[in-house]
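These notes concern the structure reproduced below.
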(Lines of atoms letter the chains of each structure in order from A and count residues from 1; the text may use other names and numbers.)
(Lines give C-alpha, C1' and ligand atoms only; values in the text may rest on other atoms or scores of the structure.)
Protein backbone atom coordinates (compact mmCIF):
# COMPACT_ATOMS: atom_id res chain seq x y z
CA UNK A 1 0.00 0.00 0.00
CA UNK A 2 1.03 3.63 -0.59
CA UNK A 3 1.88 5.17 2.86
CA UNK A 4 1.10 8.64 1.55
CA UNK A 5 -2.28 7.78 0.08
CA UNK A 6 -5.31 9.43 1.58
CA UNK A 7 -7.35 6.87 3.53
CA UNK A 8 -10.42 5.88 1.60
CA UNK A 9 -9.10 7.17 -1.72
CA UNK A 10 -9.73 5.22 -4.89
CA UNK A 11 -5.97 4.72 -5.34
CA UNK A 12 -5.72 2.90 -2.02
CA UNK A 13 -8.83 0.83 -2.66
CA UNK A 14 -7.52 -0.29 -6.03
CA UNK A 15 -4.15 -1.23 -4.57
CA UNK A 16 -5.78 -3.15 -1.69
CA UNK A 17 -7.99 -5.04 -4.12
CA UNK A 18 -4.99 -6.06 -6.18
CA UNK A 19 -3.10 -7.10 -3.02
CA UNK A 20 -6.02 -9.28 -1.91
CA UNK A 21 -6.27 -10.82 -5.38
CA UNK A 22 -2.55 -11.58 -5.38
CA UNK A 23 -2.74 -13.18 -1.94
CA UNK A 24 -5.74 -15.28 -2.97
CA UNK A 25 -4.00 -16.46 -6.13
CA UNK A 26 -0.86 -17.34 -4.18
CA UNK A 27 -2.70 -19.50 -1.65
CA UNK A 28 -2.11 -23.25 -2.17
CA UNK A 29 -5.19 -25.18 -3.24
CA UNK A 30 -7.10 -27.18 -0.69
CA UNK A 31 -6.93 -31.00 -0.90
CA UNK A 32 -10.26 -31.09 -2.68
CA UNK A 33 -9.21 -28.43 -5.18
CA UNK A 34 -5.93 -30.19 -5.88
CA UNK A 35 -7.18 -33.73 -6.37
CA UNK A 36 -10.93 -33.91 -6.91
CA UNK A 37 -10.89 -33.07 -10.63
CA UNK A 38 -8.61 -36.07 -11.22
CA UNK A 39 -11.07 -38.56 -9.72
CA UNK A 40 -12.53 -40.73 -12.47
CA UNK A 41 -15.18 -43.24 -11.35
CA UNK A 42 -14.77 -46.71 -12.83
CA UNK A 43 -18.36 -47.96 -12.80
CA UNK A 44 -19.18 -47.30 -16.46
CA UNK A 45 -15.82 -48.49 -17.75
CA UNK A 46 -15.96 -51.57 -15.51
CA UNK A 47 -19.31 -52.49 -17.06
CA UNK A 48 -17.79 -52.33 -20.56
CA UNK A 49 -14.81 -54.46 -19.50
CA UNK A 50 -17.17 -56.95 -17.86
CA UNK A 51 -19.11 -57.41 -21.10
CA UNK A 52 -15.94 -57.86 -23.17
CA UNK A 53 -14.44 -60.36 -20.72
CA UNK A 54 -17.68 -62.34 -20.65
CA UNK A 55 -17.61 -62.52 -24.45
CA UNK A 56 -13.95 -63.57 -24.33
CA UNK A 57 -14.75 -66.37 -21.88
CA UNK A 58 -17.56 -67.69 -24.09
CA UNK A 59 -15.37 -67.61 -27.21
CA UNK A 60 -12.53 -69.38 -25.37
CA UNK A 61 -14.88 -72.11 -24.16
CA UNK A 62 -16.21 -72.58 -27.69
CA UNK A 63 -12.65 -72.72 -29.03
CA UNK A 64 -11.71 -75.34 -26.44
CA UNK A 65 -14.74 -77.41 -27.42
CA UNK A 66 -13.81 -77.26 -31.10
CA UNK A 67 -10.27 -78.45 -30.35
CA UNK A 68 -11.42 -81.37 -28.20
CA UNK A 69 -14.01 -82.30 -30.85
CA UNK A 70 -11.39 -82.38 -33.60
CA UNK A 71 -9.07 -84.44 -31.39
CA UNK A 72 -11.85 -87.01 -30.95
CA UNK A 73 -12.38 -87.02 -34.69
CA UNK A 74 -8.68 -87.77 -35.22
CA UNK A 75 -8.92 -90.59 -32.69
CA UNK A 76 -11.83 -92.07 -34.65
CA UNK A 77 -9.81 -91.95 -37.86
CA UNK A 78 -6.85 -93.55 -36.12
CA UNK A 79 -9.08 -96.32 -34.76
CA UNK A 80 -10.19 -97.15 -38.28
CA UNK A 81 -13.67 -95.71 -38.02
CA UNK A 82 -15.38 -94.11 -41.00
CA UNK A 83 -15.31 -90.30 -40.94
CA UNK A 84 -17.10 -88.29 -43.58
CA UNK A 85 -14.82 -85.86 -45.42
CA UNK A 86 -17.30 -83.00 -45.00
CA UNK A 87 -17.39 -83.62 -41.26
CA UNK A 88 -13.60 -83.37 -41.07
CA UNK A 89 -13.63 -80.20 -43.17
CA UNK A 90 -16.29 -78.61 -40.95
CA UNK A 91 -14.18 -79.40 -37.89
CA UNK A 92 -11.16 -77.67 -39.44
CA UNK A 93 -13.23 -74.65 -40.48
CA UNK A 94 -14.75 -74.29 -37.02
CA UNK A 95 -11.32 -74.38 -35.38
CA UNK A 96 -10.03 -71.74 -37.81
CA UNK A 97 -13.10 -69.52 -37.35
CA UNK A 98 -12.92 -69.59 -33.57
CA UNK A 99 -9.17 -68.95 -33.63
CA UNK A 100 -9.79 -65.74 -35.60
CA UNK A 101 -12.63 -64.81 -33.22
CA UNK A 102 -10.28 -65.27 -30.26
CA UNK A 103 -7.72 -62.89 -31.75
CA UNK A 104 -10.34 -60.21 -32.49
CA UNK A 105 -11.92 -60.48 -29.05
CA UNK A 106 -8.53 -60.35 -27.32
CA UNK A 107 -7.61 -57.18 -29.21
CA UNK A 108 -10.92 -55.45 -28.41
CA UNK A 109 -10.91 -56.59 -24.78
CA UNK A 110 -7.26 -55.64 -24.36
CA UNK A 111 -7.89 -52.03 -25.37
CA UNK A 112 -10.79 -51.60 -22.94
CA UNK A 113 -8.91 -53.41 -20.16
CA UNK A 114 -5.86 -51.17 -20.60
CA UNK A 115 -8.03 -48.06 -20.29
CA UNK A 116 -9.58 -49.48 -17.12
CA UNK A 117 -6.20 -50.40 -15.64
CA UNK A 118 -4.78 -46.95 -16.44
CA UNK A 119 -7.74 -45.16 -14.85
CA UNK A 120 -7.60 -47.46 -11.82
CA UNK A 121 -3.92 -46.55 -11.43
CA UNK A 122 -4.62 -42.81 -11.80
CA UNK A 123 -7.31 -42.95 -9.12
CA UNK A 124 -4.94 -44.90 -6.88
CA UNK A 125 -2.48 -42.00 -7.14
CA UNK A 126 -5.16 -39.69 -5.79
CA UNK A 127 -5.53 -42.12 -2.89
CA UNK A 128 -1.79 -42.00 -2.21
CA UNK A 129 -0.16 -44.83 -4.19
CA UNK A 130 3.00 -42.89 -5.01
CA UNK A 131 5.18 -45.85 -3.99
CA UNK A 132 3.40 -48.37 -6.20
CA UNK A 133 3.92 -48.81 -9.94
CA UNK A 134 2.15 -45.87 -11.53
CA UNK A 135 -0.19 -45.40 -14.50
CA UNK A 136 2.68 -45.62 -16.98
CA UNK A 137 3.35 -49.19 -15.88
CA UNK A 138 -0.36 -49.98 -16.27
CA UNK A 139 0.20 -49.78 -20.02
CA UNK A 140 3.94 -50.18 -20.50
CA UNK A 141 4.14 -53.31 -18.37
CA UNK A 142 2.22 -55.25 -21.01
CA UNK A 143 4.81 -54.58 -23.71
CA UNK A 144 7.93 -55.91 -21.96
CA UNK A 145 8.63 -59.48 -23.11
CA UNK A 146 8.49 -62.15 -20.39
CA UNK A 147 8.09 -59.49 -17.68
CA UNK A 148 4.60 -58.83 -19.03
CA UNK A 149 3.54 -62.07 -17.37
CA UNK A 150 3.95 -60.45 -13.93
CA UNK A 151 4.23 -56.66 -14.22
CA UNK A 152 0.52 -56.00 -14.93
CA UNK A 153 -0.52 -58.05 -11.90
CA UNK A 154 2.10 -56.37 -9.70
CA UNK A 155 0.86 -52.95 -10.78
CA UNK A 156 -2.81 -53.77 -10.20
CA UNK A 157 -2.10 -55.40 -6.84
CA UNK A 158 -0.06 -52.40 -5.66
CA UNK A 159 -2.77 -49.95 -6.70
CA UNK A 160 -5.47 -52.04 -5.01
CA UNK A 161 -3.74 -51.70 -1.63
CA UNK A 162 -4.72 -48.04 -1.46
CA UNK A 163 -8.41 -48.85 -1.68
CA UNK A 164 -8.30 -50.76 1.63
CA UNK A 165 -9.68 -48.17 4.03
CA UNK A 166 -9.52 -50.33 7.17
CA UNK A 167 -5.79 -51.04 6.99
CA UNK A 168 -4.89 -47.57 5.75
CA UNK A 169 -6.20 -46.07 8.97
CA UNK A 170 -3.26 -47.76 10.72
CA UNK A 171 -0.65 -47.47 7.93
CA UNK A 172 -1.70 -44.56 5.70
CA UNK A 173 1.68 -44.22 3.97
CA UNK A 174 2.02 -47.92 3.12
CA UNK A 175 -1.51 -48.64 2.00
CA UNK A 176 -3.63 -51.58 3.06
CA UNK A 177 -3.93 -55.14 1.89
CA UNK A 178 -3.95 -55.96 -1.79
CA UNK A 179 -6.92 -57.76 -3.29
CA UNK A 180 -6.57 -61.54 -3.26
CA UNK A 181 -8.47 -61.89 -6.54
CA UNK A 182 -5.51 -60.21 -8.27
CA UNK A 183 -3.23 -63.02 -7.08
CA UNK A 184 -5.65 -65.69 -8.31
CA UNK A 185 -5.95 -63.97 -11.69
CA UNK A 186 -2.16 -63.59 -11.98
CA UNK A 187 -1.51 -67.28 -11.28
CA UNK A 188 -4.08 -68.42 -13.83
CA UNK A 189 -2.89 -65.83 -16.37
CA UNK A 190 0.71 -67.07 -16.15
CA UNK A 191 -0.33 -70.73 -16.33
CA UNK A 192 -2.66 -70.16 -19.30
CA UNK A 193 0.01 -68.15 -21.12
CA UNK A 194 2.58 -70.93 -20.68
CA UNK A 195 0.20 -73.67 -21.84
CA UNK A 196 -0.97 -71.59 -24.81
CA UNK A 197 2.65 -70.98 -25.83
CA UNK A 198 3.25 -74.75 -25.82
CA UNK A 199 1.23 -75.26 -29.00
CA UNK A 200 2.96 -77.24 -31.69
CA UNK A 201 2.18 -78.67 -35.07
CA UNK A 202 2.68 -82.40 -35.55
CA UNK A 203 5.76 -83.15 -37.60
CA UNK A 204 5.60 -85.46 -40.62
CA UNK A 205 6.03 -89.02 -39.44
CA UNK A 206 6.77 -92.27 -41.16
CA UNK A 207 3.43 -93.65 -40.04
CA UNK A 208 0.01 -92.03 -40.44
CA UNK A 209 -0.89 -93.56 -37.10
CA UNK A 210 1.91 -91.64 -35.36
CA UNK A 211 0.92 -88.39 -37.09
CA UNK A 212 -2.74 -88.78 -36.08
CA UNK A 213 -1.74 -89.46 -32.48
CA UNK A 214 0.49 -86.37 -32.39
CA UNK A 215 -2.19 -84.20 -34.01
CA UNK A 216 -4.83 -85.31 -31.51
CA UNK A 217 -2.46 -84.66 -28.60
CA UNK A 218 -1.64 -81.18 -29.95
CA UNK A 219 -5.34 -80.34 -30.27
CA UNK A 220 -5.99 -81.42 -26.69
CA UNK A 221 -3.15 -79.25 -25.38
CA UNK A 222 -4.56 -76.26 -27.27
CA UNK A 223 -8.05 -77.04 -26.02
CA UNK A 224 -6.79 -77.23 -22.44
CA UNK A 225 -5.04 -73.89 -22.91
CA UNK A 226 -8.23 -72.34 -24.28
CA UNK A 227 -10.17 -73.62 -21.26
CA UNK A 228 -7.58 -72.04 -18.97
CA UNK A 229 -7.93 -68.76 -20.89
CA UNK A 230 -11.68 -68.89 -20.26
CA UNK A 231 -11.06 -69.28 -16.52
CA UNK A 232 -8.56 -66.41 -16.69
CA UNK A 233 -11.18 -64.20 -18.35
CA UNK A 234 -13.73 -65.02 -15.63
CA UNK A 235 -11.21 -64.22 -12.89
CA UNK A 236 -10.33 -60.97 -14.67
CA UNK A 237 -14.03 -60.12 -14.81
CA UNK A 238 -14.40 -60.70 -11.07
CA UNK A 239 -11.21 -58.71 -10.43
CA UNK A 240 -12.38 -55.70 -12.43
CA UNK A 241 -15.77 -55.59 -10.74
CA UNK A 242 -14.31 -56.10 -7.26
CA UNK A 243 -11.52 -53.53 -7.58
CA UNK A 244 -13.80 -50.98 -9.22
CA UNK A 245 -16.37 -51.21 -6.42
CA UNK A 246 -13.66 -51.21 -3.76
CA UNK A 247 -11.94 -48.15 -5.22
CA UNK A 248 -15.22 -46.27 -5.60
CA UNK A 249 -15.86 -46.69 -1.88
CA UNK A 250 -12.38 -45.34 -1.15
CA UNK A 251 -12.89 -42.42 -3.54
CA UNK A 252 -16.20 -41.54 -1.91
CA UNK A 253 -14.44 -41.46 1.46
CA UNK A 254 -11.76 -39.19 -0.02
CA UNK A 255 -14.42 -37.01 -1.63
CA UNK A 256 -16.28 -36.56 1.65
CA UNK A 257 -13.08 -35.76 3.54
CA UNK A 258 -11.58 -33.37 1.01
CA UNK A 259 -14.67 -31.59 -0.24
CA UNK A 260 -15.06 -30.47 -3.83
CA UNK A 261 -13.60 -27.48 -5.64
CA UNK A 262 -15.79 -24.85 -7.31
CA UNK A 263 -17.28 -26.07 -10.57
CA UNK A 264 -16.63 -29.78 -9.93
CA UNK A 265 -19.56 -32.13 -9.41
CA UNK A 266 -19.38 -35.64 -8.05
CA UNK A 267 -21.15 -38.48 -9.87
CA UNK A 268 -24.83 -38.75 -9.05
CA UNK A 269 -24.30 -42.14 -7.37
CA UNK A 270 -21.95 -40.65 -4.78
CA UNK A 271 -23.01 -39.18 -1.48
CA UNK A 272 -22.66 -35.43 -1.23
CA UNK A 273 -19.75 -34.18 0.90
CA UNK A 274 -20.33 -32.04 3.98
CA UNK A 275 -20.75 -28.39 3.08
CA UNK A 276 -17.74 -26.22 3.78
CA UNK A 277 -17.66 -22.49 4.13
CA UNK A 278 -16.08 -20.51 1.31
CA UNK A 279 -12.66 -18.98 2.05
CA UNK A 280 -12.76 -15.31 2.97
CA UNK A 281 -12.07 -12.86 0.15
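Just so you know, glycine gets a Cβ as well, placed from its N, Cα and C.
Here's what TrEMBL has on this protein:
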- 12-23: compositional bias 'Basic and acidic residues' (COMPBIAS)
- 83-244: domain 'DUF4328' (DOMAIN)
- 1-34: region 'Disordered' (REGION)
- 260-281: region 'Disordered' (REGION)
- 45-68: transmembrane segment (TRANSMEM)
- 94-116: transmembrane segment (TRANSMEM)
- 136-158: transmembrane segment (TRANSMEM)
- 179-201: transmembrane segment (TRANSMEM)
- 221-240: transmembrane segment (TRANSMEM)
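With a threshold of 8 Å between CB atoms, the same-chain residues lying at least 6 positions outside the transmembrane segment (45-68) that come near it are 91, 94-95, 98-99, 101-102, 105-106, 108-109, 112-113, 115-116, 119, 219-220, 222-224, 226-227, 229-230, 233-234, 236-237, 240-241, 244. With a cut-off of 8 Å between Cβ atoms, the residues of this chain six or more beyond the transmembrane segment (94-116) that come close are 42, 45-46, 48-49, 52-53, 55-56, 59-60, 62-63, 66-67, 69-70, 138-139, 142, 226, 233, 236, 240, 244. Residues of the same chain lying 6 or more positions beyond the ends of the transmembrane segment (221-240) and with a Cβ under 8 Å from any Cβ of it are 46, 49-50, 53-54, 56-58, 60-61, 63-68, 71, 102, 109, 113, 116, 156, 179, 181-182, 184-185, 188-189, 191-192, 195-196, 198-200.
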